[in-house]
Amino acid sequence: MKSNITSNILGGITAGIVALPLALAFGIVSGLGAAAGLWGAIVLGFFAAIFGGTKMQVSGPTGPMSVVCASIVLMFKDDISVVMAIFVLSGIFQICFGIFRLGKFVKFIPYPVISGFMSGVGIIIILLQINPILGGLSAGNSIDALLKFPTTFLNFSPISFFIGLVALLMLYFLPKSLTRYLPAPLFTLIVLTPLCYVFGFDVAIIGTIPVGFPDFVVPNFDFSKLGIITIYALMLAVLGSIDSLLTSLVADSITKTKHNSNQELIGQGIGNAFVGFFGAIPGAGATMRTVVNIKSGGTNKLSGVTHSVFLLLVVLVFAPIVSFIPIPVLSAILIKVGIDILDYRMLKRLNTAPKADLIVMISVFFLTVFLDLIVAVLVGVVISCIFLIYSITKQSGIVLDNHAKQGVLGLDDTRVFSINGAFFFGSTAKIIEGIQATNSAKFIIIDCLKVPFIDLSAIYALEEIISEQKDSKIFIVMDETEAKKPQMSHIAKLTKIYNSTQEALEAASKLRKV
């Protein structure tokens, strides 16, 4: 028991060491400052660990969440209390996702949408750090960063660029013997921060981080802006849920355990809701920190709590030291994070990926980088749905069976149509055209036994066929369970529904003799 407690404390401290530079960096990306990132890691990490559904998950600010936060902060920079209202509401949404057991639906978001979004976020993070690493001013978005770049390039700081370059080289090429117990980002901070201070290098630093607890923030749910507040909150909630549950799956694969996705969403929601009252930034389950926690001995919730306690001690005790961290070093760390976020699995398959998926991925990517993250995701989902509908429609069709040709029951004036595939709004026109193109037939049998589902458009189409075919008797063949559904009641009034083609043929034969 004692060894288990010790291993979880060790895992939590190690995860906290990894989280420290990332929390500072993501806080700066968000536009709310390094302290907001630290407190986000502390508050979210604590509550998500206690109430979440993944025992060894470590939560905190992440790249995608920080980029969305940056766009929110830029939009409501004149009233940060509105920003905090969005953060609180996003947490409430996540709690609702968990309560209503929506965790399982996250997997239905098309992968090309996620891929384009993640790669877009990676590029945004990189673009936002180009100016700071050269000694220029930070930008609020990608376009602003590109517009500022010429001025920054003409007036760039050689020493700032040098420190940033050294930091990047250290992050990528430090030997494993040095990073086995001390993560490369933290090692880089520990080496370069005192170096810049001792030699008096003229580079931008984080600046003062308040010692002690932050002021309590009262979120402002401005009803005149409730629409946009809700949209951004929902965006954060969905993104945070996806990010967290993907990390939970990674944890499951390493530990051979199974997380509770709905409970995880509740835990993340509680944490992100509290974040808004501390003036901090929301986040999600963080993959790298979670993996480090597991590999360092973390097996239960104690490790996640320890991670938050460790960061709290850093804020309360070492804040004056942290304030001297050079901005170019944090920019280098973020550039590496941006490079790591890029979806290389999809990028490697650009030549072989289905054209539809490629269009979705590229559309989401460019919209994410140059327009708006919310618009990017919505457009990506809509395009994916359109391609899906088109694909299903192509697979759906109507076939004229050869019953009449074989003279089954002697019904030469009978046509039997079998509908294959989904019968829905995307395929109704093609199916109606197929039936209407039939030469005059006294009896028309429409076989729907191979139809997996029928929507309201298809039901209306059947009603239209029955009403328009004045010279023909229409028979519908359908599974008994499907036929008894309330939406089929009107068709049942227009014509009898049979359970097999044979029954319909026999009924047609009897009518023919009358």
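Count begins at 1; order follows the chain as displayed.
Just so you know, glycine gets a Cβ as well, placed from its N, Cα and C.
Curation does not apply to TrEMBL; its annotations are automatic.
The feature transmembrane segment, as given by TrEMBL for the ranges 2-23, 112-133, sits at 112-133. Contacts between the transmembrane segment (270-288) and the transmembrane segment (35-51): present, as 3 or more C-beta pairs lie under 8 angstroms, all at sequence separation of six or more. Secondary structure counts, DSSP: the domain 'STAS' (412-508) has 43 helix, 21 strand, 33 coil. Using a cut-off of 8 Å between Cβ atoms, the transmembrane segment (358-390) and the transmembrane segment (229-250) share at least three residue pairs, counting only pairs 6 or more apart in sequence.
Within the same chain, the transmembrane segment (153-174) packs against the transmembrane segment (308-337): three or more Cβ pairs sit under 8 Å, each pair at least 6 residues apart. Here the transmembrane segment (186-209) has long-range neighbours at 17-18, 20-21, 24, 28, 34-35, 38, 132, 135, 157, 159-160, 163, 166-167, 170-171, 174, 178-179, 315, 319-330, 332-333, meaning same-chain residues at least 6 beyond its ends whose C-beta is under 8 angstroms from one of its own.
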